[in-house]
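Asks: Please see the structure below; I have some questions.
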Amino acid sequence: MVVAGILGGLLSILFYAVVGYTFQHTVGAQFLNALSFIEYAHPSAYVLPIPWSNFFFSMILTKNPLLIILMVVGLFAWGVTGVTAVGLVCSRIMFAAGFDRSLPTLLAKVSERFHTPVTAVTIYMVLTEVGLVLSVYAGVIFEFLNITLVLVSLHAFVGLAALMLPYIRKQMYSNSILARYKLGKVPAISLLGAANLIFLGFLDYFSLLNPAVSGPTGLSAIGALIGIFLLGVVSYFLVTRYYNSKGIDVSLAFKEIPPE
């Protein structure tokens, strides 16, 4: 299973590298950078009817109806797959947050009929539709939020957590299988976490210097990024204080390996 996962990841990297190189060589890097800058940094000046993609330009460049049909089907299938995958992840995150009381416990309620967290899924769908309407008709999302920077920073925190785990949560680390792997006296997970943090830190720096690739990097975008993470921190302490007043220690949920 582990080997299959690694090989699958490597094949995916190879596939996307070949597609990316071919696409850039055909369309032109300068044109793509300019178009990205307009779409992400100045969406009001973006005149194309839909966000650009390799499917979009490939359909323009060919006159073969069969290829166009295949690309349309592929674009639709990719959209359905992406929405489904992200929906599962986000609704399960909301469920987990409700389960450990970081969010209202209503989100952790599982329907006896459908055997799924219907409340979490429904709230996710509503929030997604609101965000979709704002991004399409108001341009609010693209004006004030650098999604690339948010996602890269989010995973950088994962690297930081991996780096600090053996030193901050010693008991949790020693009870896990990860404690078996070390390089000398240094835990392997700390080394991997450090590598992850350095790499993603570089991507953050690159994103700030290249709004054409990442998105807006003005004060409003940076403020939105900081606000998103501060909202999580403030919410956690407010929830912790609320449940402490009821005699429930929420922090215990973060001192053991999750049930799943």
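Each residue, glycine too, has its Cβ placed from N, Cα and C.
Look at TrEMBL and you will find 6-23, 67-95, 116-138, 144-165, 186-206, 218-239 tagged as transmembrane segment.
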Asks: Taking the transmembrane segment (186-206) as the reference, which of 6-23, 116-138, 144-165, 218-239 gives the largest number of Cβ pairs under 8 angstroms?
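Replies: Looking at each of 6-23, 116-138, 144-165, 218-239 in turn, the most contacts to the transmembrane segment (186-206) are made by 144-165.
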Asks: Using Cβ atoms and a strict cutoff of less than 8 Å, what residues sit near the transmembrane segment (6-23) while being 6 or more residues removed from its termini?
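Replies: Sequence-remote neighbours of the transmembrane segment (6-23) are 54, 57-58.
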Asks: Please indicate, using numbers and ranges, the residues of the same chain that are 6 or more beyond the transmembrane segment (116-138) and have a C-beta under 8 Å from a C-beta there.
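Replies: Counting only partners 6 or more residues beyond its ends, the transmembrane segment (116-138) has Cβ contacts under 8 Å with 87, 90-92, 94-95, 98, 106-110.
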Asks: By Cβ distance under 8 Å, which residues at least 6 away from the ends of the transmembrane segment (67-95) in the same chain are close to it?
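Replies: 53, 55, 58-59, 103, 107-108, 117, 120-121, 123-125, 128.
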